[in-house]
Amino acid sequence: MAPFVEVCRYYKPAAPFSLCTCPCRSTPTNSLILPQLSKKYSNLRLLASKPSSHPRFNGISFNRSRVITAVARVEPEHLGDDGSSKEEDEIVKEDSSLDQQKEKSRSQFKKRVVFGLGIGLSVGGVVLAGGWVFTLAVAAAVLLSAREYFELVRSKGIAQGMTPPPRYLSRVCSVICALMPILTLYFGHIDIAVTSSAFVVAMALLLQRGRNPRFSQLSSTMFGLFYCGYLPCFWVKLRCGLTAPVLGRSWPLLLGGQGHWTVGLVAILVSFCGIIASDTFAFLGGKAFGKTPLISISPKKTWEGAVAGLVGCITITVLLSKSLSWPQPLVSTIAFGVLNFLGSVFGDLTESMIKRDAGVKDSGSLIPGHGGILDRVDSYVFTGALAYSFVRLHGV
């Protein structure tokens, strides 16, 4: 005879105005929704179990509820060695796997928070310091980002069907990208560095021995110089090149005064905070309301999250502009917030496209819980050029 196994339990409350829920009372089962069973189970039955709670009223014990147990006959071929059903064993394994996934997600969230706060405080100090401190920090981030980019280019997903640039040339380009912010601070502009770098890379490809240069090598290398080297230099031009004072007399001298709080410093603070707000609000909005996919290259992004990110970026930009007295008027402030949002989204989607072609989830594993450097700075790559152009057009 095939044994019975429990497949479901129903919490059955007592009837209104009734203090008795003993098992002897008849229980209608037509109101209970029976579980959908596989072919492993047959002859589903409902059995009334003992009451589940014993509250007291004026010293008299009575029962308010009981549990209705649903059991089914299991076929012998679906039993395990210990007499339990294989489906029960699978359910236990699935529950254990879910618990492990939840624990892993909690651990990753803690890492993200800890390292995120550490990175945020470090970046804040570097931005306030400015000068060579800020420039060298940008150069270090550019070097690591360029190395990750060229590793993505050499990955199996992108390299399939094309010829990636030689490894030595990738390393040379990474060093050139890291030198661009330093040359920008020294010369005050980036035109000479970009032109010279493009010439060196093109000549290196043409003169390589034993191989014919490919257009895919030239295009991927030139884009790397532009993406990882040229665009980040606008943050150096914004922070170190725009030294005009921005704050009026109402600003407390204890917090720096006009000699320290320049247009470049305020613009970069507003931009960074706007990007952080955009990413945060987009994540929260997408989790809460996300239904409509934004674009196929990044399936997790939704239009609802994008709208939430835009609102968050504009809100933070307006609040900071009121506190820091820049930019003015309100229309310019909103326009600056929109530009920061667009640059953030475009940079994020560009890196998502590169990673999707490469067939990887993260650009690296340098930062625990966050992936690689390129995963953290993708939203800032294009935003620097937009912010600098806005300041030049808006005026100081």
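Glycine too: its Cβ is placed from the backbone N, Cα and C atoms.
What TrEMBL records for 93-104 is compositional bias 'Basic and acidic residues'.
Residues or ranges marked as region 'Disordered' by TrEMBL: 78-104.
Under the heading transmembrane segment, TrEMBL lists 113-146 (among others).
Sequence annotations record features per position, and here TrEMBL assigns transmembrane segment to 186-206 (among others). Within the chain, the transmembrane segment (186-206) has long-range Cβ neighbours (under 8 A, six or more residues past its boundaries) at 165, 169, 172-173, 176, 179-180, 213, 217-218, 221-222, 225, 229-230, 233, 237, 241.
The feature transmembrane segment is assigned by TrEMBL to 218-238 (among others).
Sequence-distant contacts of the transmembrane segment (258-284), counting only residues of its own chain at least 6 positions beyond either end whose CB sits under 8 Å from a CB of the stretch, comprise 120, 123, 127-128, 130, 235, 238-247, 251, 301, 305-306, 308-313, 315-317, 320-321, 324, 326-327, 336-337, 340-341, 343-345, 348, 379-380, 383-384, 387, 391, 396. What TrEMBL records for 258-284 (among others) is transmembrane segment.
What TrEMBL lists as transmembrane segment is 305-324 (among others).
Summarising the annotation, TrEMBL assigns transmembrane segment to 330-349 (among others).
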